[in-house]
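Here the structure is laid out as structure tokens; the discussion comes afterwards.
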């Protein structure tokens, strides 16, 4: 099997990119979400219980317990963690020596600390996915930089350690759990849109933050939408077992199918860093040979192969074709695909029942666990074989110690992950080894393994529910309060904000699905708007002048529920159309008994005023200055600016590396070796061949005198 050195580097860089986006996006929203004047002040979440310092840290694992020692309140400590996390991630992205286990451990600890006080605004599946992936990066990251190792003739690094591929296998297992569970829950939820293959006729319109491309995708033919749902089931349920296929072409086919799905989602929806995170996980399906990292891969000459190898290659090809044929037959059979040549369409329908699918899932879930076990055992045996190739007793001793530690951690994490994975089928969950349940229970609060299941049910089948806030000075004339990103103004096109996640806009989407009492934070949002708190106003409009009540807070605030639909192609300058449904939140003012009752009911009354002494510390003043400098930038602009800056630095690094390589003595020596030998009967002009001067260093040019 080909090595995985380059895919591991791509994975580590990808994790750094996602951490950078996640921390930077969160940083821009901290004052409005978690500050003393925010919607859900973070200081309410950390209250000492009289326990020991280490017990307190273990039960609520967050570094923000130490914020008071630095003269900061909880929100300021969260700002500091976000800034340091973004800078550390940026460093790991640009400098290979910083792709070290300690750096990724710090990134994971910082994000886990934020999630402990993030409350409902950090309760998303991609936050859990980032934590689980970030912890795997701690194990994948090498202790020694790869540049310090020599390259072996077979393509693996001579200094490569036997255990290095083991943690990377866990990334592949995580990708399998994510995709397989996401496909299965769509059917186990009994959602009529998924079972009827009509989910995508609603999805583009009803997703949280669509892009302009979603409008065009929404108006595609219905038969194409239904065929796309079939393709989604194929990619999410049938393809993931191929992640562990012994034939690399099958793994590569699985890789490109996953990439296709994620790219299409990125084009049509603003899902922050989630799809980028999934693309990072797909690097576990690649190898050095596919990425042209094998030395001499492009110039390797074809040699005669022995008949056993030729037979094995033929059998592999036949097996590969059989898998493709089985996938095609299963898709046609279970989804009743029929081609209508007259109308140039493809008809599709589900031909199996919920009971049949449940029986199939009950039969298949446990074998997928054993598939993971078999694949992990193979990786362990491969690591042991690589250990036997290590030369020198001291090197063997060091390698076996590292292999034992990493192997034990890999097996333990695999066992822990089986518990949340088995949630997709209750029968399998009950049959798991009790030791796995105990392990998972001991570390569950660290989020080392999580359950996943995206787009479980399709919402908004009768129209997209949307909450529209309104303010008034007299209680008679109302002005709509428009958000920057979520739908509101009918003529405003959907924005492109990824990889930023406007967390208030996302929660507004969830709030619209039920009564306001299911979203207690909404009452606090209304209170802050009545008080005219600028940090919260900046979550609604980053440019305060665009906020309709920026001069004076409204006297009254209320909320209405509408249903939104995409406009039809013939409607000019209209992206949306809407219809009023009902009042979502009653009209209230400061001191209103209804508002006070709701605040008291949800425990949102501010009983403990914020500390004032924390703003006097030097660190707090530095944080305030940084916030002042960055606040004029909108969050998407800040994140894309970071990405452009990273790209510019990487280009400069590549140019400097090229110049250094061309001007190195080794490169000149190899150029001398490649120069053809002079002929005895040739003329003076053909005797000498002067190499082209290096464009990077003119001082290294050499000339020869003619004889």
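Every residue gets a Cβ built from N, Cα and C, even glycine.
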Message = I'm validating the feature mapping. Which of 12-30, 31-49 is tagged transmembrane segment in TrEMBL?
response = 12-30
Note = Residues outside the transmembrane segment (253-274) whose C-beta sits under 8 Å from one of its C-beta atoms, at least 6 past its ends, are 18, 21-22, 25, 125-126, 129-130, 175, 179, 204, 207-211, 213-214, 217, 232, 235-236, 239-240, 242-243, 245, 282, 285-286, 324, 485, 495-501
Query = Is the transmembrane segment (310-332) in contact with the transmembrane segment (369-387), using three or more Cβ pairs under 8 angstroms as the rule and ignoring pairs under 6 apart in sequence?
reply = no
Residues from the same chain, set at least six apart from the ends of the transmembrane segment (310-332), whose C-beta lies under 8 A from its own = 230, 234, 238-239, 242, 245, 247, 249-250, 253
Inquiry  = If we skip the immediate neighbours and take only residues 6+ beyond the ends of the transmembrane segment (12-30), which ones have a Cβ under 8 Å from one of its Cβ atoms?
reply    = 38, 75, 78-79, 81-83, 85-86, 88-90, 92-93, 99, 104, 107, 110-111, 114, 121-122, 127, 130, 133-134, 137, 140-141, 272-273, 276-277, 279-280, 283, 499-504, 539, 630, 635, 638-639, 642, 646
